[in-house]
Amino acid sequence: MTPSNMDDNTSGFMKFINPQCQEEDCCIRNSLFQEDSKCIKQQPDLLSEQTAPFPILEDQCPALNLDRSNNDLLLQNNISFPKGSDLQAIQLTPISGDYSTYVMADNNNNDNDSYSNTNYFSKNNGISPSSRSPSVAHNENVPDDSKAKKKAQNRAAQKAFRERKEARMKELQDKLLESERNRQSLLKEIEELRKANTEINAENRLLLRSGNENFSKDIEDDTNYKYSFPTKDEFFTSMVLESKLNHKGKYSLKDNEIMKRNTQYTDEAGRHVLTVPATWEYLYKLSEERDFDVTYVMSKLQGQECCHTHGPAYPRSLIDFLVEEATLNE
């Protein structure tokens, strides 16, 4: 039957796809829910020798019946189909445009094709696969949950790793800053010690120089040494104590008072005699004129006393001789 033989009452067409023709395997599904005139205009190439129109009146639309026994889609009307070997798929475009059904068939007409047709039909009628097989949906959600759980675990592990890394970096930075501060303090201390060492060395050099100068001055002072003259009391105590030792302490307190008298007199022999205080005064006058060892003179005078009524006394001639001797010895 050709497209020119189509009746005016024809409101639909049926397409038989030859499995050997691979060019017409693709079917534009947007035209299934449009009117017949638009569908024919948009798909003129579909009307070929393999397309067989059939009359569908307004009140005589072929009824679709789903047999529950084998889930096969049947058309209830006397409509001739091509042979089973040439039939692969049937596309029905009704006037109502509510839905379209694909009936998959092959040469063996096995149960797998029936199951796929039933699944597609139930999908178009609003029957969700999850209502028929909830276990399948549950199994589909399990991988998603495991993936989400793994992602969460990975994020937590990465966060913990970043936190540990930041803590370690902060610890190392603190140690670096502390070591730098210690290094600066050590450098400062070394510089202070270097300055102190320089000052000590300079001071040592100055002390050595001053020590040499003082040593030379001491030598000069020794050459220019001037004997210290004892005081009157020191001279008297020394001479009287020595006289007491020589005379075994036979002098009394009254004799001590007599010995302290500063007197000069002439003895029986006509010698000029000086008591202890007078001797000290005479030696003191001589020390102003010349430098001599007074200690030497005092040591030589001891034991040379002349005992008279005025206490121990020393001849002036003896004193002069000892002074000359002390001057020569110097």
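Note that Cβ sites are derived from N, Cα and C of the backbone, with glycine treated the same way.
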So which of Ser131, Ser135, Ser179, Ser252 shows up as phosphoserine in Swiss-Prot? Ser135
Can you dig out which of the ranges 172-207, 208-243 Swiss-Prot describes as region 'Leucine-zipper'? 172-207
DSSP puts the residues of the region 'Leucine-zipper' (172-207) at 36 helix, 0 strand, 0 coil
